[in-house]
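Visitor: I am attaching a structure below and will ask some questions about it afterwards.
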Amino acid sequence: LAAVSVDCSEYPKPTCTMEYRPLCGSDNKTYGNKCNFCNAVVESNGTLTLSHFGKC
């Protein structure tokens, strides 16, 4: 099984769009899109990872 990952190098960003493309984080929380997820990754100091694409 290939590891899924998202490039968060351009984050954090001050604002995210309302686009809905859900991602499931390793904290078992569904993030609305990559921007919301990546901002959370940055805030977690890299401890948050992507579990899978789609809702948890």
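Placement of Cβ uses the backbone N, Cα and C atoms for every residue, glycine included.
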Visitor: State the disulphide partner of Cys8 as given in Swiss-Prot, choosing from Cys35, Cys38.
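Guide: Cross-referencing Swiss-Prot, the cysteine bonded to Cys8 turns out to be Cys38.
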Visitor: Have a look at Asn28, Asn45 and find the one that Swiss-Prot tags as N-linked glycosylation site.
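Guide: Record says Asn45.
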Visitor: Please name the cysteine among Cys24, Cys35 that Swiss-Prot pairs with Cys56 through a disulfide bond.
Guide: Cys24
Visitor: Which of the recorded positions Cys16, Cys24, Cys35, Asn45, Cys56 has its Cα closest in space to the Cα of Cys8 (disulfide bond)?
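Guide: Of all the candidates listed, Cys35 is nearest in space.
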Visitor: Ranked by the number of other Cβ atoms within 10 Å of their own Cβ, which of the disulfide-bonded residues Cys16, Cys38 ranks first?
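Guide: Its Cβ has the most other Cβ atoms within 10 Å: Cys38.
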Visitor: Would you please pick out, from the disulfide-bonded residues Cys35, Cys56, the one with the fewest other Cβ atoms within 10 Å of its Cβ?
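Guide: With the disulfide-bonded residues Cys35, Cys56, fewest surrounding Cβ atoms within 10 Å: Cys56.
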Visitor: Where the distance is taken from Cα to Cα, which of the recorded positions Cys24, Asn45, Cys56 turns out closest to Cys35 (disulfide bond)?
Guide: Cys24
